[in-house]
Amino acid sequence: MRTAKVLFLTGLGSGLSPAAPGTFGTLIGLLIYLLVLRHFSAVAFWFFYLLVFWLAVKYSSESEALFGENDSSKIVIDEILGIWIALWGVKLCFWSVIDAFLLFRFFDIYKVSFIKRFDELEEGWGVVLDDVAAGVIVNLLLRVMF
C-alpha cells in the first residue's frame, strides 16, 4: 500500500525528479488530461476528479510519514489536479495548452493573491487547494483568451 500511495502522490514517479518535480508532475497531468480525461463526459470527469482530490488530500496528510517532510516537493498530485482544472472545458488548441501550462506554473510557483492563503491550510488541504485555486484562475483566464 505504501508503494501505491507514493506512486499516486508522486504522479507515477514524476515528482521524484531531482530538478523541477512540479513541472514534471504538471506535464504528466497535462498528458493524462489530453490523452484520457478530455474524452470523459462532464459527469465522469467530475466523479473521477473528486475521487482523486479526496485521495490526494487524505494521502498528502500522511506525507511526513511517507517522505520524512511536510508538503514534500515530491508530491505532485496537487499539480496534476491543478492542471486538470485549468484545462477543463477550455477549447483545446496548441496555444491554449501551452498557455495553460505556462500560466499554471506561474500561479503555482508564485502563489499570488488568495492562493497563498490556501497554501497555509493544515495537512493535505494546504497541499492540494492552492494548486486547485491556481487551476481555477488559469481556467477563467483561458476562457477569456480562447
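Don't overthink the numbers, they just go from 1 along the chain as shown.
Placed from the backbone N, Cα and C atoms, the Cβ positions cover glycine too.
The DSSP breakdown of the domain 'YutG/PgpA' (8-145) into helical (H, G, I), extended (E, B) and coil residues amounts to 103 helix, 0 strand, 35 coil. For 8-145, the entry in TrEMBL reads domain 'YutG/PgpA'.
What TrEMBL lists as transmembrane segment is 31-57 (among others).
Residues 26-27, 29-30, 32-34, 37-38, 45, 49, 52-53, 56, 128, 131-132, 134-136, 138-139, 141-143, 145-146 of the same chain lie 6+ residues outside the transmembrane segment (81-104) yet bring a C-beta within less than 8 angstroms of a C-beta in it. Here TrEMBL flags 81-104 (among others) as transmembrane segment.
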